[in-house]
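S.K.: Here it is, the structure, as structure tokens.
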Amino acid sequence: MTSPPVRLAHERPLRAGSASWLLRVRSVVVALILLAAAVLLMALGMRIGDIPMSVPEVFQAITGDGSNHFVVMELRLPRALTGVLVGAALALAGAITQAIARNPLASPDILGVTTGSSVAVVAAIVAAGSTAGGASGALASVGIPLTALLGGLAGALAVYLLAWRKGLDGYRLVLVGIGVSAVFTNVKYWLLTVGDVTDSSRAMVWISGSLNGRGWEHVVPVALALAVLIPPALVGTRSLGALRFGDDTVTGLGIRMNLARGLMILAAVLLAAVATAAAGPIAFVALAAPQIALRLAGVAQPPLVVSALAGAVLTAAADLAARTLFSPAELPVGVVTAVLGAPYLIYLLIRVRRKGRS
Amino acid sequence: MSTAVVTARPPSPGRPRTATGRRRLAVLAVLLGALLVTIVLSVAIGAKPVPLNDVWHALTGPTGTENDIVVRSLRIPRTAVGVLAGIALGVAGALMQGHTRNPLADPGLLGVTQGAAFAMVLSIMVLGVTSLYGYIWFGLAGALLASVGVFALGMAGGRGAPTPVTLALAGTAVSAFLYALTSALVLMDQQAMDVFRFWQAGSIAGRDPDVVWQVLPFVAAGLVLAMVNAPGLNALSLGEDVARALGQNVTLTRTVGVTAITLLSGASVAACGALAFLGLMVPHLARPLSGPDHRWLLPYSGLIGAAALLGADVVGRMVARPGELEVGVVLALIGAPFFVALVRRRKPVRL
């Protein structure tokens, strides 16, 4: 990967040992604005609840004094943090998937991760309902996230193996993903009919993607996953840049293409599965955030850090909308992201098609 | 399978014809026979097996025995709903694949099912409609809006018919959108949730005998329109310009086609909920037998659709004894590998 020493005026090299990246001023500015927006949206979201507070009161409660310390620190902050972290993880997973599939329409939503998780969790809730008298206690806090994680990995593995045919073709991957997701979806519906109606309602809220009642036990795994997976993902972007050129070029560049691709897909699947385990399948964030980030930053492929921040902003904003639009009733955040995200997918489709024609 | 690729092209004078008139009638007779066999199996097999002479007894001179009641009030309505929905979905799938020239077209994949579902849930919850007669109209309206919407979206931005990928993704997007709206409604009302979950899984079990009579007119009208549409669809498969040059009214043909698709898939959704993949698979099974001529493809697809639906239902009753697996789940388990196989083929299918 020797690149010609051409450098644009607004790019600055960043070196760490043998690795180096080009830092673009516009990306950095966009990232900072998104970070500020995410914090603001979190603060706005934390105002809402049984005890309404103003934004300054929220900050006061975090810094220590005041009677609201417990409410904010134990109930509202974890929920808000789960939202932004899950959004960031989903967006990162989406950015990696889209770069690998070389297709802006690819996302873990379609690739079997989220539907795999959903089936596994519905199965667990329904089974627990009939044998252990309901999904609560240990099962709810440990069992459900673990089940979701394993289900997501299994779903992704199924799609990957079925789409493999002397290599991975982006479109075949997407179509196989749609087929596998359809099976999972139908099995999920069937499981919902097997269970007791209260269990089914609970499962239904979970499979819509909800941040309601999230605590620190949801924050920690997602934060850990992001901390562990972001550094290798950033290193991997260098090979991703090459993957964009097509198989022949990549082989010519001497990168062990399928290994690089496989590892990056694994990272994306882990991120999406951990996020789904924490909050359920929040639809379309993984699809939309990288594309929004790409346009904001003005670059050719989804920038990872900006994508993650865009995902955080998107999820926080959607949750705020879900809680206030039909107040006092609250919708699961996933319903809002699906209602907003589906038209966006359609817009993308039309754009891709226009480009293909010209 | 590979024959589908060949026969799906417009017939050219140089290629030997795959089916003569006599052979076509023979195939029709065989398919009718197969459907009859599955009907008999569907009436005889279940939680309580009914011997064939008891089935006959129930049909010809019922005297109120337990088997008579099971056959007349449970098995026959269930089987009749299955036959109607199977014919409707098979023909609707063939029409959709023909009009879109897209081998992956299917009412379930293209959002039509979720369109009907959303409109029906809305009518039940907001307008308080309770009878099937009341909400089937909403289902049809929802199906129509969704199918027109998906086609329009698939066409937008490009020239001519959408590619399989575009159409499948447009369908997925519309389905996800409508499903989110439906689940938002259902989450606010546990009673609606209880109805919706059974309906979403897709089943022909426990249907009121009246359902058959309520759905029948819609299916019948859809089938008549479908057969009227067949010659026009044959011309359209040569391309819109050629069809126009042959004197076809393309707009009229498309309108009749979409109306037929809406009536057929809307009626089947109202009667048995979401049955995925049946409309996708059946035309691919029928096409090697019929060739590209829609006048034969449509009836073959209808018969195969009904036999396949009843067969899947019987399998669902046998594998999960003493309970049963909803036919929608059985169809998805069979249909998805079929779909994956279609996608994995070296040469993408062209219609």
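Sequential numbering from 1, following the chain as shown.
Glycine is no exception: its Cβ is also placed from the backbone N, Cα and C atoms.
Positions annotated as transmembrane segment by TrEMBL: B:25-47, B:76-96, B:108-129, B:135-155, B:167-188, B:260-285, B:297-319, B:325-343.
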S.K.: Check the transmembrane segment (B:135-155) against the transmembrane segment (B:260-285) for contact, please; criterion is three or more CB pairs under 8 Å, pairs 6 or more apart in sequence.
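M.R.: Checked: the transmembrane segment (B:135-155) vs the transmembrane segment (B:260-285), in contact.
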S.K.: Flag the pair the transmembrane segment (B:260-285) / the transmembrane segment (B:167-188) as in contact if three or more Cβ pairs fall under 8 Å (sequence separation 6 or more).
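M.R.: Result for the transmembrane segment (B:260-285) with the transmembrane segment (B:167-188) is no.
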S.K.: Which sequence-distant residues neighbour the transmembrane segment (B:167-188)? Criterion: at least 6 residues beyond either end, Cβ under 8 Å.
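M.R.: Those are 100, 102, 104-105, 109-111, 113-115, 117-118, 121-122, 125, 146, 149-150, 153-154, 196, in sequence order.
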S.K.: Which of B:76-96, B:297-319, B:325-343 shares the most C-beta pairs under 8 angstroms with the transmembrane segment (B:25-47)?
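M.R.: Most contacts with the transmembrane segment (B:25-47): B:297-319.
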S.K.: Same chain only, please: residues at least 6 beyond the ends of the transmembrane segment (B:76-96) with a C-beta under 8 Å from a C-beta of the stretch. Say none if there are none.
M.R.: 35, 39, 42-43, 102, 105-107, 110, 204-209, 211-212, 215-216, 219, 222-223, 226, 229, 233, 257, 260-261, 264-265, 267-268, 271-272, 275, 278-283, 286, 294, 297-298, 301-310, 313, 327
S.K.: Within the same chain, where does the transmembrane segment (B:325-343) have neighbours whose Cβ lies under 8 angstroms from its own Cβ atoms, ignoring anything closer than 6 residues to its ends? I mean 6 or more beyond.
M.R.: 1, 82, 103-104, 201-205, 272-278, 280-281, 284, 309, 312-313, 315-317, 319, 349
